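First comes the structure, then the notes that go with it.
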């Protein structure tokens, strides 16, 4: 059995500035650094055998912070990267409904049908994440033994994966809670490949004032 801890990256500049950062490789913020201290401390006694990370530096910084208490290999995996939002990349969330009204409406009301112009669709992200995580689990699994690993990834990617892990149709992806920065989700994979979602978006380690979700606007409405 493989227990997978999935941790959303710490707050980066795009989170604080309210931009759709997607694949943008923005720097982490002071809030993000404080979040890293707390999530690393919270996970310090979990027996991670390996840690995987999206190649974007906000995710890699999260993986490295957690790893300071574990000293295990950290492997970057492209499948854990955030959605490619194409022409919407780097835009302010508040400007998206004006320039891309169709896509903004889908993001809020029919997330399962969202397709970023010149980028990825939600369906593509869900398949990429599901296949990527399962490939990691198959690599790490040792039948008859219990193993625990950590994956540092991104908000939209996480929602897509957790929807499939629950066995829900993609039409229910918006029912997956929007995870805060450094929130922890946990999924257990049996030797036969079946999985059970233990928890989603647990950010109870974040002290008051360290949540970025509270400052979000229309883009949070689908959560």
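Sequential numbering from 1, following the chain as shown.
Note: Cβ is positioned from N, Cα and C throughout, glycine not excepted.
Note that the coordinates shown come from a computational prediction; the quantities given were computed from them, not determined experimentally.
The candidate list 44, 58, 60, 99 contains one residue that TrEMBL assigns to the substrate site with 8, 9, 10, 11, 12, 13, 14, 15, namely 58. For the pair residue 58 (substrate binding site) and residue 9 (active site, tele-phosphohistidine intermediate), the Cα-Cα distance reads 6 Å. Annotated substrate site 8, 9, 10, 11, 12, 13, 14, 15, 58; additional same-chain residues within 8 Å of its Cβ mean position, judged by their own Cβ, are 16, 21, 26, 28, 29, 32, 181, 212. Annotation for residue 14 (substrate binding site): same-chain Cβ neighbours under 8 Å, separated by at least 6 residues, are 20, 21, 24, 26, 90.
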